[in-house]
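Novice: A single structure is presented below for examination.
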Amino acid sequence: MNEQQRKEANQIKQENPTDVKSDLDSNLDRLKNMESDELIGKYFQSTYEPPNLKKAKKRRREDVEIHYDFSIPAEMQRIGEGKKFLIRTYGCQMNEHDTEVMAGLLTEMGYETTDNTDEADVILLNTCAIRENAENKVFGEIGHLKPLKLEKPDLIIGVCGCMSQEESVVNKILKKHPFIDMIFGTHNIHRLPSLLKEAMFSKEMVLEVWSKEGDIIENLPKVRKGKIKGWVNIMYGCDKFCTYCIVPYTRGKERSRLPEDIIQEVRHLAAQGYQEVTLLGQNVNAYGKDLEFEYGLGQLMDEIRKIDIPRVRFTTSHPRDFDDHLVEVLAKGGNLLDHIHLPVQSGSSEVLRVMARRYTRESYLELVGKIRAGMPNATLTTDIIVGFPNETDEQFEETMTLVREVGFDGAYTFIYSPREGTPAAKWEDNIPMEVKKERLQRLNALVNEQAKQAMQKYEGEIVKVLVEGESKKNPDVLSGYTERNKLVNFKAPKSTIGKIVNVRITEARTWSLNGELVEEVAEVL
Ligand code: 5AD
Ligand code: SF4
């Protein structure tokens, strides 16, 4: 149904209120009029363990179970034939990759993908909880989907991802948006086929959020977004508990995949012609700490660099766990690329202490020195939070001087956003919004200036670009990234897409480079 048809349908419904009733699933009406306690008590047949932040913090290192025997229940294997799904993804690369898994599950069930909400039979919102504005976007989208659900009662709408792990969010959906059909957590993705079945056949809201994590399901199907760059999880969860961060609660404890499973996945991608992999984890430098044998990110990278794939990246690093062995391995170069994203969060040791980052300004700078010594060509990017509770002007100035001293090529900068259940949320959010905004503006001006200067160094240089496709703004122009993660736009035949080519840089902008193709193919696998 297009926009016009939807408007007309709504008009007809408004003029004929009885039609509205008959159109709607009666269950939906019941749900709409209920209070959330009543809903939980009467309507949830599935396992309901409310997300419990206190409990998450007390978790121990129980054994991680690894499963290799996942399969889609027989009765769900063809349930999606002739139907379509749409997944909206918010937030980080971890979420993007989870979406690839959910797309894989739905595709195996016979569903096809669509990007038109009117055509979809299943809509999933894969949500992000990192800051309040991320959550507000999702609630806005939930509101937009309501008229569609009212028109199409058989449409299944699910909310999953990090927001589902938060008790307050689940309660808000129950109270304000009871037309949602399914809520499931980040540890329940592999349960999607069974949850969908329940939602379809029981016609009651399905809620499954496990506070318990620990299982790794190895053989889940995936439909990857492209055929050039692929994501590979190396670990799940985070045990750092930085005082501002919701991730250790929404993503659970650190669980590393076995090295052989990761290596096999990277080999498989290489064999399929992928040119680049990004190894993913919330805190990749803690990789291996929970394994039963001595193994770390350094060893893993040393294995992966031997695989015949042109480019390997990893994200996100934590300065505390970034050890000398990793620097040594990365210094070997080859397919290990010269770019490190190393979130610093603040340049003040005192703020870092209250953030529980477990490093100081001095030790961060020392690490930067080691990286620069081992990898003289490496570019560094970072994440910074401004306006953390009690951050003084002087402490903010320390962030400014650190940014200058390191000379980051880029930074993601954020205004502190209190997240319920984190230790920092109990402290007064006492930096006025105007001050936070002013600090952010000054920081961004510096970051932009440094980014531009870093770009200017490339003018006249020849760089290797992995061609990803047409540029977003102009289909006649192709774009891709350099080894050091700089976006380059240039004209070249479409046949270069998916290949690594040499490009001469003709013009530097703040966040991208313009160039011209030097020779058609620099490297082909
Ligand atoms: N407020 C603002 N920024 C945050 N980040 C994480 N939690 C918060 C928060 N509560 C930022 C950090 C992190 C990035 C992914 O998001 O900088 O590195
Ligand atoms: Fe959050 Fe800190 Fe873990 Fe990063 S390391 S995910 S900021 S708790």
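Just so you know, glycine gets a Cβ as well, placed from its N, Cα and C.
What TrEMBL says about a protein is an automatic prediction, not a curated fact.
Annotations for this protein, taken from TrEMBL, read as follows:
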type	residues	note
BINDING	Cys92, Cys128, Cys162	[4Fe-4S] cluster 1 binding site
BINDING	Cys238, Cys242, Cys245	[4Fe-4S] cluster 2 binding site
COILED	433-468	coiled coil
DOMAIN	83-201	domain 'MTTase N-terminal'
DOMAIN	224-453	domain 'Radical SAM core'
DOMAIN	456-519	domain 'TRAM'
REGION	1-29	region 'Disordered'
Novice: Of Cys92, Cys128, Cys162, Cys238, Cys242, Cys245, which binding-site residues come close to ligand 2, meaning Cβ under 6 Å from one of its atoms?
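Specialist: The ones that qualify, in sequence order, are Cys238, Cys242, Cys245.
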Novice: Check each residue in the chain of Cys238 ([4Fe-4S] cluster 2 binding site) that is at least six apart in sequence and keep those whose C-beta is under 8 Å from its C-beta; list them in sequence order.
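Specialist: Spatial neighbours, sequence-distant, of Cys238 ([4Fe-4S] cluster 2 binding site): Cys245, Val247, Pro248, Arg251, Glu254, Gln282, Asn283, Ala286.
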Novice: List the binding-site residues Cys162, Cys238, Cys242, Cys245 whose Cβ sits under 6 Å from any atom of ligand 1, in sequence order.
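Specialist: Among the binding-site residues listed, those whose Cβ sits under 6 Å from ligand 1 are Cys245.
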Novice: Using the Cβ center of Cys92, Cys128, Cys162 as the [4Fe-4S] cluster 1 site position, which other residues in that chain lie within 8 Å, going by their Cβ?
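Specialist: The answer, listed by sequence position, is Tyr90, Gly91, Met94, Asn95, Thr127, Ala129, Ile130, Ala134, Gly161, Val247, Thr250.
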Novice: State the count of C-beta atoms found within 10 angstroms of the C-beta of Cys92 ([4Fe-4S] cluster 1 binding site), not counting that atom itself.
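Specialist: Cβ-Cβ neighbours of Cys92 ([4Fe-4S] cluster 1 binding site) within 10 Å number 18.
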Novice: According to DSSP, does Cys162 ([4Fe-4S] cluster 1 binding site) sit in a helix, a strand, or coil?
Specialist: helix
Novice: Across all the protein chains here, work out how many other Cβ atoms are within 10 Å of the Cβ of Cys245 ([4Fe-4S] cluster 2 binding site).
Specialist: 21
Novice: Among all protein chains shown, how many Cβ atoms are found within 10 Å of the Cβ of Cys162 ([4Fe-4S] cluster 1 binding site), not counting that one?
Specialist: 28
Novice: How many neighbouring Cβ atoms, not counting its own, are there within 10 Å of the Cβ of Cys242 ([4Fe-4S] cluster 2 binding site)?
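Specialist: Looking across every protein chain shown, the total is 22.
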Novice: List the residues of the same chain that sit at least 6 positions away from Cys128 ([4Fe-4S] cluster 1 binding site) in sequence and have their Cβ under 8 Å from its Cβ, in sequence order, or write 'none'.
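Specialist: Correct list: Tyr90, Gly91, Cys92, Asn95, Ala134, Glu135, Val138, Gly161, Cys162, Met163.
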Novice: Taking the centroid of the Cβ atoms of Cys238, Cys242, Cys245 as the [4Fe-4S] cluster 2 site, which other residues of that chain lie with their Cβ within 8 Å of it, listed in sequence order?
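Specialist: Filtered neighbour residues, in order: Lys240, Phe241, Tyr244, Ile246, Val247, Pro248, Gln282, Asn283.
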Novice: Just give the helix, strand and coil counts over the domain 'TRAM' (456-519), going by DSSP.
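Specialist: Here the numbers are 4 helix, 36 strand, 24 coil.
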